[in-house]
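These notes concern the structure reproduced below.
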Amino acid sequence: MSLSNKLTLDKLDVKGKRVVMRVDFNVPMKNNQITNNQRIKAAVPSIKFCLDNGAKSVVLMSHLGRPDGVPMPDKYSLEPVAVELKSLLGKDVLFLKDCVGPEVEKACANPAAGSVILLENLRFHVEEEGKGKDASGNKVKAEPAKIEAFRASLSKLGDVYVNDAFGTAHRAHSSMVGVNLPQKAGGFLMKKELNYFAKALESPERPFLAILGGAKVADKIQLINNMLDKVNEMIIGGGMAFTFLKVLNNMEIGTSLFDEEGAKIVKDLMSKAEKNGVKITLPVDFVTADKFDENAKTGQATVASGIPAGWMGLDCGPESSKKYAEAVTRAKQIVWNGPVGVFEWEAFARGTKALMDEVVKATSRGCITIIGGGDTATCCAKWNTEDKVSHVSTGGGASLELLEGKVLPGVDALSNI
């Protein structure tokens, strides 16, 4: 899935035109303060390009959080983003208190030349996702006629459409696939992300190592399956390693994560790895805890000793880190999706931190290192390594689906060239 046959912003004539742009400003917030502005910064080049090339206006639309179609301005307003964007762009940003309807259409119909306008959270309307919840929390579906009206209103806000929301590219939501304008182009962030993944998956440097962490095997089955056709080596770490170790080594895992569904296909995955000549590295030792808690009592365990009843593994141990480091040293290209321990808690962060240090070291010797968004991107922010690896993806779910070999609806909807 690349952008090679799709219209991109650098080929779009924006002079004198109103540009309506879907961005991903779904940033982490604490008490209405933005805690990581990576996604806002990432959209700036596309916005600046439009302004520098004489666009009449740039109307920005995004979601934030999961309000499920209910307006929650106190919790999920994009207003703080307008303030942040103003300081990043060095110019005024007009914030509108809705994203569709007559007042919004009027404000966007004939704005002053060079205006930047940010709409309120798209997901305050159930028509964006097509489903949500009502005020009492019951599931609701959007009516088709109302979805049409919502999409028609968004389409009135610009003359051309740009999608730079890679983080939402795997969602067939109204703002991603339903804006009906003659020209629909991918923005620079979308282009950068897709080019990186296309190169990594279609013509990788070898040896190619995938590092897969996270909790559930079942969630990552398609990922493991698809990557086994592409890589030379694979590290399987994090919570899902316990399902592998229990099935393959009959290891005692205590109350560690065990995935019943995933367990059924562990042997199939391992035989595919063998058939494809992929070297698999699993953890051999662990930092354990007597409960899932930041301040739990901690212990050590190995695959041979097993994890005692009532205890769980929350990080890999030093021997595993050594094995992981050896795999990283052999690689010329690395794709990393999912942490190898509960990195949010100091006591269980060492394994992921040690691995990050090795990946940074590998990058400095010329290895291509790609971090699939989500938790692994958060690790980069936490340890300040975002500019010490080749590419940190802004999209967790979107990068996951690309690595699984899927077509992204948001990219599919762009104009062909």
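Every residue, even glycine, has its Cβ placed from backbone N, Cα and C.
As the structure is a computational prediction, the values presented were derived from the model and not from experiment.
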Have a look at LYS30, LYS264, LYS323 and find the one that Swiss-Prot tags as N6-(2-hydroxyisobutyryl)lysine.
LYS323
Record feature N6-acetyllysine (Swiss-Prot), assigned residue among LYS56, LYS86, LYS192:
LYS86
Name the residue among LYS199, LYS332 that Swiss-Prot annotates as N6-acetyllysine.
LYS199
Binding-site residues near LYS146 (N6-acetyllysine), in sequence order, restricted to VAL23, PHE25, HIS170, GLY238, PHE343, THR376 and a 10 Å Cα cut-off:
none
Cα-nearest neighbour of VAL340 (CDP binding site) within the listed binding-site residues, PHE25, GLN38, GLY65, GLY238, THR376
GLY238
Neighbour count, 10 Å Cβ-Cβ cut-off, for THR376 (ATP binding site): what number do you get?
28
For ALA218 (Mg(2+) binding site), the spatially nearest of the recorded positions SER62, GLY65, LYS361, using Cα atoms, is GLY65
Near SER62 ((2R)-3-phosphoglycerate binding site), which residues of its chain come within a Cβ-Cβ distance under 8 Å, counting only those 6 or more away in sequence?
ARG22, VAL23, ASP24, PHE25, ASN26, LEU78, VAL81, LEU118, LEU119, ASN121, LEU122, ALA165
